[in-house]
Amino acid sequence: MVSALLSDLATEIIIPVCAVIGIIFSLIQWALVSRVKLVPNGPSHNTKNGFNDSLIEEEEGVNEHNVVIKCAEIQNAISEGATSFLFTEYQYVGIFMVVFAVLIFLFLGSVEGFSTKSQQCTYDIHKMCKPALATALFSTVSFILGAITSVLSGFLGMKIATYANARTTLEARKSVGKAFITAFRSGAVMGFLLAANGLLVLYITINLFKLYYGDDWEGLFEAITGYGLGGSSMALFGRVGGGIYTKAADVGADLVGKVERNIPEDDPRNPAVIADNVGDNVGDIAGMGSDLFGSYAESSCAALVVASISSFGINHEFTAMCYPLLVSSIGIIVCLITTLFATDFYEIKAVKDIEPSLKNQLIISTVLMTIGIAIVSFIALPSSFTIFNFGIQKTVHNWQLFLCVCVGLWAGLIIGFVTEYYTSNAYSPVQDVADSCRTGAATNVIFGLALGYKSVIIPIFAIAVSIFVSFSFAAMYGIAVAALGMLSTIATGLAIDAYGPISDNAGGIAEMAGMSHRIRERTDALDAAGNTTAAIGKGFAIGSAALVSLALFGAFVSRAGIQVVDVLTPKVFIGLIVGAMLPYWFSAMTMKSVGSAALKMVEEVRRQFNTIPGLMDGLSKPDYATCVKISTDASIKEMIPPGALVMLTPLIVGTLFGVETLSGVLAGSLVSGVQVAISASNTGGAWDNAKKYIEAGASEHARTLGPKGSEPHKAAVIGDTIGDPLKDTSGPSLNILIKLMAVESLVFAPFFAAHGGLLFKL
């Protein structure tokens, strides 16, 4: 077998250099955003770059000084609320992190009775590997590192989003193009920080662990799986807690404000409006950041574990072993070039240019990444090698692995565009949902549910083709790198995803600061495009989760020593049917949590409207702080039961029923979880954009359904309110459920294989 063209030294330089470039680029984008000052300026009439910098406020005689001061105040209130919530959440999550780290150490350490003696290797019994106690200790350390990186990713994302929202609003006074660039650059800061930090920490961790493990790559990469577990466990609480927070505030604000009081969205008279804007940051930004970081960490870990017991690990080929990290490294460079197309190479001059520009980001990054993957595959991999495939070594060529990554990459693009088709109000599915509002909320709900179920078909076929092609070429390693291919453009994906909540907040600030209708039209256009990109981001997250969890499932089956998973055996079948039920149980818990938290919010908003004199007339200020506190308390309390369900299920099933039943649970939760997640996210997104379609009144058809306050509009608001917990709490959290249970099972596989199935041993 011919060795790779790329030397080990070059690999050791390329990976950290690409990560550092990503961090530097994100800091440059942050510096450019910070040029927009939250202080009043003198009148400017610069026409550089085709933008007319004269402000709409100057034309309409609005006091510019007061507007800027007001924007700064609102931004500070949102930032303080988001920071306060995340610190409260992290205190609870920190306790969980310590407890679970202790559990990892105790469970894995007990596999060999806490022995410090070397043990037979799992896959090559003629060799001796490091003791199980070492795996326990290093898995615990990597779990903590993954958890901290995940928390940091979410927190930094939230900080830049709250830093940029008012700046986007102020730029909207000059032109829609300037506002777009500010929002997009802010999203890019988060995207590149997360992608680069995740890669750098993982790479440094591998090199530090190698100092101890030496030639025992099997033990080294088994210990590294804790990194993915830490990332996803934090993401679960971030997604569920943030999702409950944002939707409790959103539903409360909509039901009382829009439906009962007939006041606009983000009206400063609404007491829940600050909590709603805070929620956009803690749910859609911090939660999404942690979620996609978890997917990236797990797909990397799954690929590394399988590679470590293939010829890469057996022959100690460092460059080939680091192939997943090299794919992520080239992804950062590709996304950097792609970002410049949105901010520097192409100019947004009108509202209609926004959505095509964001779609082009996906297309450009996918095309460039295909070229990047080809280069990496042919210089970092030998022309042929062997991949571990359930006990045997399968011969694979480098061009086959290139196709595995590409099929994941392009499947991600297909899922993104299908998601856009079903959730954007530019296409007939959402317009049909809007049209169904003519006959009331019931028909709107029926059409929306039907749309969600139908939207599952093409993504599932795309995932199925990816699985078939990648498994045929390179077994479970092929599926792992296909998942990594889907996530290789994570920096761009996160940039367009974070752009949405930033634009949403910018619109809210414009409304609360009393800016003119024309500015609100611009921020609404940014927000409508952002709604679709958020749905695309969720589609990517769910699709990659399916591939990641399957790759982790394969690694778990191999590590637990299961020769075949036979669904006709009672042990496996009961696991299968229980696993398929778990996403429904989890969704029921999260939706009920949103409902009960929203109930408290509705009561508080009604109380303030009824008891504060002059509130409806705008003569007195509402008590925003109480609503923020209600959302915070409810989400912290309500996130614990769903989190416990996901974290405890593998431990209980593996310990009491054994690895065969657990393999059934993992397969069942994967198969049903993906379907429920896609339909829930797309149904909610379609209802949201159907409402926006009626509100915008951009077409003749839309104008026949409006204006705001009409009966069809009220029906659309009810649909949107039902869809909120589906698209922002239950749907996005489900992809973490299927990934997290799989990676947790892999981490604890040595314990389950040695001591699991207690009930069947009685």
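Even glycines carry a Cβ here, placed using N, Cα and C.
For 13-33, 92-111, 131-158, 179-206, 321-342, 362-381, 401-422, 456-484, 540-562, 568-586, the entry in TrEMBL reads transmembrane segment.
Contact between the transmembrane segment (456-484) and the transmembrane segment (321-342) is present: at least three CB pairs lie under 8 Å, with pairs separated by 6 or more positions in sequence. Of the two recorded stretches, the transmembrane segment (92-111) does not lie close to the transmembrane segment (13-33), with fewer than three CB pairs under 8 Å once pairs fewer than 6 apart in sequence are set aside.
Comparing 131-158, 179-206, 321-342, 540-562 for CB pairs under 8 angstroms to the transmembrane segment (362-381), the maximum falls on 321-342. Looking at which of 179-206, 321-342, 540-562 has the most CB pairs under 8 Å to the transmembrane segment (401-422), the answer is the stretch 540-562.
Remark: the transmembrane segment (321-342) makes no contact with the transmembrane segment (540-562), by the rule of 3 or more CB pairs under 8 A. Within the chain carrying the transmembrane segment (179-206), a Cβ under 8 angstroms from the stretch's Cβ atoms is held by residues 15-16, 18-23, 25-27, 29-30, 32-33, 36, 142, 145, 149, 152-153, 156-157, 160-161, 163-164, 167-169, 171-172, 220-221, 224, 227, 231, 285, 289, 292-293, 296-297, 300, 304, 325, 328-329, 331-332, 335-336, 339, 342-343, 348, 354, 357, 490-499, 502-503, 506, 522-523, 526, 530, all 6 or more beyond its ends. With a cut-off of 8 Å between Cβ atoms, the residues of this chain six or more beyond the transmembrane segment (540-562) that come close are 122, 222, 225, 228, 288, 291-292, 295, 298-299, 301-303, 305-306, 309, 388, 390-391, 408, 411-412, 415-416, 459, 462-463, 466-467, 470, 475-477, 479-480, 482-483, 486-487, 493, 659-660, 662-663, 666-667, 670, 674, 677-678, 681, 731-732, 734-736, 738-739, 741-743, 745-746, 749-750, 752-753.
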